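Chemist: First the structure, then my questions, so here it is.
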Amino acid sequence: MAALVASHWTVHSRRFETSAATREPTWVRGMLITIALAFFALFLLLPLVTVFAEALRKGWGVYFAALVEPDARSAIFLTLLVTAIAVPLNLVFGVAAAWAIAKFDFRGKQLLTTLIDLPFSVSPVVAGLTFVLLFGAQGWFGPWLADHGVRIMFAVPALVLATVFVTFPFVARELIPLMEAQGQEEEEAAIVLGASGWKTFWYVTLPNIKWGLIYGVILCNARAMGEFGAVSVVSGHIRGRTNTMPLHVEILYNEYNFAAAFAIASLLALLALLTLVIKSWVEWQGRQQMNAGREL
Amino acid sequence: MGARTMRRVLPGFPLALGYTLVYLSLIVLIPLSAVFLKAATQGWESFWAAISTPRVVASYQLTYGVSLLAAAINAVFGLIFAWVLVRYDFPGRRIVDALVDLPFALPTAVAGIALTAIYAGNGWLGQWLQPLGIKVAFTPLGILVALIFISLPFVVRTVQPVLEDLETELEEVAASLGADRWQTFYRVVLPPVLPALLTGFALAFARAVGEYGSVIFIAGNVPMVSEITPLLIITKLEQFDYPGATAIAAVMLVTSFILLFLINGLQAWVSRRHGGV
């Protein structure tokens, strides 16, 4: 998916200066814009507004009470904990994979790139199931783990594994096309001038891929905090113990405690909005950097 | 850029590739192969029995059918959306553009309960649709709405950069040769956009097929009517029917692999037509 994903870094300097020949009649323009905006309002804006409207339906008092209640607090803490482990793991992997794939030539490179994308096309439920098959009571390693008192299923390790699986490609697929486009001349120059490998990476490569890296981490983080299907399979839904925020939303909703469910959901929606803001800002910064690079 | 010279100059290749392969194997390849090994050890008869009961077949028809429909609807509206974002200026265009990615950032469970609240019988839209005899929540139509939401950005985001890079000069030439605007669109604009459109369609379809979080709240989950395949896997797991769950998961994985390779092929086609951006 490399070629397309990198497209948000390309510089589109020209807005379309349409001449009469390439312009649609006004009524066609109006109609298309209306259709697009109606689709936007119906499918994107309305669900977003609904989350906040439902969360505040019973007033701010109920809203805040739902957020500070012990089970909610432990769900928030667990989500932050799982994300704090999963995202750095995939960050390190993403950098290593991009270094190997973008800077070197080897056989099977195309296959490796495809395999890295694999978790995106696997259903989250199937992802969760794989860990049940490995670490569950009837799984391959289940009996051994039970004998040695190691708890993976229905505990934090399984939540981390499931989250790492579903967010696996985010950083790598962002960095691979970016580093491929940048080539390796700058790094080669640094090495020839006597810099060590780490120094070269730290002072030459990292500044070049900075915005791509942040972009990948932001998206990885949003998915990690919001993942539902995969963690749902491995969590066991133990209230106050193995419920992440999205799972807590489900439990509250199924108990018809809608105000509380939407209150927790509104935190996740705020996170989504924050993600989009940072993402737009990073895209803009990245384009500035590329523009500056072009002018040199 | 001689491949051989750079291998000699830059360090870290064995470490980076080794780490990549080990991590990929531990997190993705070994867990996924567990599904196939587990499915293979249960014997063909029981495997076939697990994946071909009427309830399971009904869930395939629902999951794949509704996903196909959602991807098709997104192909049409996604193209219009991308066109409007690239070609026209209107107030709020930048905000609309940024919010297109909302389904990528909004957790699926949040989308699920929000859509249910909107389309339930007493919801904002549900209360107007119900008297017209249109039931959305707790029917397959609700699943369609959820799948349209979660797969919406794929078509827009794959088509948009291709539209941005189109040369308007070609359209001017077509117009000067006497083509009307529709002919120009159909014969000049659409052909180079088509590979990206198909890619977006396939990505949307692949995502929709595996979707779980947003669907289960709005679907009603009635066996044979509105029960999607991923939910069936979870149901089997909760009944401790591990072989049954694994067999259905293996079927879903095979279709995922086919889709992944199809999408990769399509994308290679896009970058070839698109001049390898």
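The backbone N, Cα and C atoms fix where each Cβ goes, and this holds for glycine too.
Please treat TrEMBL annotations as automatic predictions, because they have not gone through curation.
Not measured: the values here are computed from a predicted model.
The transmembrane segment annotation in TrEMBL covers B:12-37, B:62-86, B:98-120, B:132-156, B:185-206, B:212-234, B:246-270. Taken from TrEMBL, the feature domain 'ABC transmembrane type-1' covers B:60-263.
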Chemist: Is it true that the transmembrane segment (B:185-206) and the transmembrane segment (B:98-120) have 3 or more CB pairs under 8 Å, sequence gap of 6 or more?
Modeler: no
Chemist: Cβ under 8 Å to the transmembrane segment (B:62-86), counting only same-chain residues 6 or more beyond its ends: which ones?
Modeler: 93, 96-97, 100, 140, 143-144, 147-148, 151-152, 154-156, 159-160, 163-164, 193, 197, 200-202, 204-205, 208-209, 211, 225-230, 255
Chemist: Residues of the same chain, at least six outside the transmembrane segment (B:98-120), with any C-beta under 8 angstroms of its C-beta?
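Modeler: Answer is 81, 85, 126, 129, 136-138, 142, 145-146, 149-153, 156-157, 211-218.
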